[in-house]
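Just below is one structure, and these are the notes that go with it.
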Amino acid sequence: MAVEEGIDDYTQDGTVDLKGNPVRRSKRGGWTACSFVVVYEVFERMAYYGISSNLVLYLTRKLHQGTVKSANNVTNWVGTIWITPILGAYVADAHLGRYWTFVFASLIYVTGMSLLTLSVSIPGLKPPPCHQANIDDCKKASTLQLATFFGALYTLAIGTGGTKPNISTIGADQFDDFHPKEKASKLSFFNWWMFSIFFGTLFANTVLVYIQDNVGWTLGYGLPTLGLVISVMIFLAGTPFYRHRVPAGSPFTKMAMVIVAAARKWRVPLPSDPKELHELDLEESARNGKFMIGSTPTLRFLNKAAVKTGSTDPWMLSAVTQVEETKQMLRMIPILIATFVPSTMIAQIKTLFIKQGTTLDRHIGNFKIPPASLAGFVTISMLVCVVLYDRFFVPVIRKWTNNPRGITLLQRMGIGLVLHFVIMAVASLTERYRLNVAKQHGLVENGGQLPLTIFILLPQFVLMGTADAFLEVAKLEFFYDQAPESMKSLGTSYSSTSLGIGNFLSSFLLSTVSDITQRDGHEGWILNNLNKFYVYKAEVSDSMHVLTEELKVMRLKASNQEAAKGIA
């Protein structure tokens, strides 16, 4: 009996310790291991958002960059932050495994953060202070200063590429899908994972941005760096409790093999019985750490990769499980593309939304609110909605749908998409009202502060947090859940890729609009002075009227000159 209990205590999902030995459920994993991962994420998110939340204002105020350039530099960097996880996922799945990829990437991350803190602290690494109303009159940062600052930023980005796709996956790996109780715990893990992210974000968007605006950038960047060091130490402290997965080979190579093999056998007919397709036996699959998947009729053309033709070349013959894994990754691509536009909207939180806040009255008595602090309401809204969703919405809806999640992940994402449409409509109406107030009070030309409270921007920030509680949480869980076991890190990186593409799209749209509207000598729609309206070219009728008036003046002057000569 004791022997049977000992056997049952071992995990059944193929997880091992760092030496490759099978692990006991009672000794490793579960919420005990996850507690280290979740606490790590609180401090790490504090560090990341401590830099990114106020970055657009540092570029504007300290490096003297204009609205379009500073916003694009932020979104290009954030886009890189979210794209590099593809590389980190590849290294983890193909070579080092999630744990060691995370550890090495963390060292790069800390290095980048440390260099960034130095670049904002040493006077010679930034241009002299400037208090001109027009930043075009300020001295620009030198090539060395820009290289140091952005070199640190992008070093940091490389580091996050190895941490982002692996840390959430490491957390999810601590629950055994073959154990009913642990599988149920995993359903709540992603909700509380996002809770930890936004708890750290809330601290960054309130305390850290206040320090940066009112105390100094050295302390404002030094604290996030210290927070990151603490977070890495917390993660390493949990090492004895983690379960690990053995690297299963490059997911890109596996997928390429299937596609190439299917293309090379495009004329070969498929057998009527799927059992005639090539598949590894159970013993070999277990030895390779694979979960066998039966053949499905979707993306049927790829099934030809498993048709036996006498060749054992891996670029000519793939196992059914390998084919189905490729299908699973390809089937998620349309969902990935559908999230690009809302990700573009999310990018505005760190750029144009904050720039809007700088034009408004930010005082509550003698206290002055940092513009970037409004992002804290995204966090608060997100935290409240996640708790309400997990504790109240899911139990009620589950009774009607019999779905453990309450509603499907795609339905949850769909609600988030609808909310994003509402957000942009509200933001558009708010901006129109803000510009009208600027015009009414004669603040268009001088770019002065409007007699409007900064809290008129509150609805768009609160709604963004509500949308994130639906879309972003469901997106992360969907891409992890639907990815095959051997490609979980790559699946998780789909979520970050969505945000990366969204930020690059934001840069493209902002640059394109600015370029098009500046043609023919116009000032453009997006200016350093956000209170200005777009100035249209004069109508033909208006131009003729002006020309006629100018001719009358010229004739009058000529007549006066002739009269003066006659008198002389």
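Cβ atoms here come from the backbone N, Cα and C positions, even for glycine.
Note that TrEMBL annotation is computational and uncurated.
The structure displayed is predicted, hence computed values, not measured ones.
Between the stretches 35-56, 409-430, TrEMBL puts its transmembrane segment entry on 409-430. Counting Cβ pairs under 8 Å to the transmembrane segment (217-237), the stretch among 74-92, 98-118, 189-211, 332-349, 409-430 with the most such contacts is 98-118. Ranked by the number of CB pairs under 8 Å to the transmembrane segment (409-430), the listed stretches 74-92, 189-211, 332-349, 369-389 are led by 332-349.
With pairs at least 6 apart in sequence, the transmembrane segment (369-389) and the transmembrane segment (189-211) have 3 or more Cβ pairs within the 8 Å limit; the two touch. Residues 48, 52, 55-56, 59, 98, 101-102, 105, 150, 153-154, 156-158, 160-166, 169, 247, 250-252, 347, 350-351, 489-490, 492-493, 496-504, 506-507, 510 of the same chain lie 6 or more positions beyond the ends of the transmembrane segment (74-92) yet place their CB under 8 Å from a CB of it.
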